[in-house]
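A.B. asks: So TrEMBL lists these for the protein:
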type    : residues                                        : note
DOMAIN  : 12-144                                          : domain 'dUTPase-like'
BINDING : Arg65, Ser66, Gly67, Asn78, Thr82, Ile83, Asp84 : substrate binding site
Amino acid sequence: MIKVHIVRVNRKAVLPRYATRHAAGMDLAACLDEPLVLQPSGVVLVPTGLAIELPEGFEAQLRPRSGLALKHGITLPNAPATIDADYRGEVKVILANLSQDPFEVNHGDRIAQMVIARYEHVRLEEVEELGATERGSGGFGHTGV
Ligand SMILES: O=c1ccn([C@H]2C[C@H](O)[C@@H](COP(=O)(O)OP(=O)(O)OP(=O)(O)O)O2)c(=O)[nH]1
Ligand SMILES: [Mg+2]
């Protein structure tokens, strides 16, 4: 298992954890002094009280929790949000409320999930022409919907 260093920049922060043995993401909890209300169509930046040090070649993706999305229209407008391996600041979650009702976030509420993923850096090579394929430039539903 790959080790990832984590720091509680706020001593009240809840450490993320996998809710089940094979969960892809660790749940991330809000770290708040007082409850926060997310108004309909509103967007807020929610602190987690955590900072992480990802190994080179890894990113963390923040994703919505489906239960919150389905029941309350709560999503991450920038999903999957990217936490870079060289980022040392506090991990924060951007939440948006797509519902018609205000949504309250309390300290410790699990508001998102964090998936650790590998990525590659590539070297771009500019050429005159790209290799031919059956698809060619067809896209955006050209095979039918
Ligand atoms: O939901 C998010 C998105 C980003 N970040 C942090 C970690 C990430 O490494 C950094 C930069 O994010 P991103 O590259 O998505 O934002 P940007 O608008 O391109 O800002 P920058 O110019 O700082 O890269 O901000 C978060 O804490 N939460
Ligand atoms: Mg960026």
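Placement of Cβ uses the backbone N, Cα and C atoms for every residue, glycine included.
A TrEMBL annotation is a machine prediction, not a hand-curated record.
Have a look at these and tell me how they're positioned relative to everything else.
C.D. replies: Gly67 (substrate binding site) falls within a helix when secondary structure is assigned with DSSP.
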A.B. asks: So which of Arg65, Ser66, Gly67, listed as binding-site residues, have a Cβ under 6 Å from an atom of ligand 1?
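C.D. replies: Cβ < 6 Å from ligand 1: none of the binding-site residues.
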A.B. asks: Around Arg65 (substrate binding site), which residues of its chain at least 6 apart sit with Cβ under 8 Å of its Cβ?
C.D. replies: Asp27, Ile74, Arg110, Ile111, Ala112, Gln113
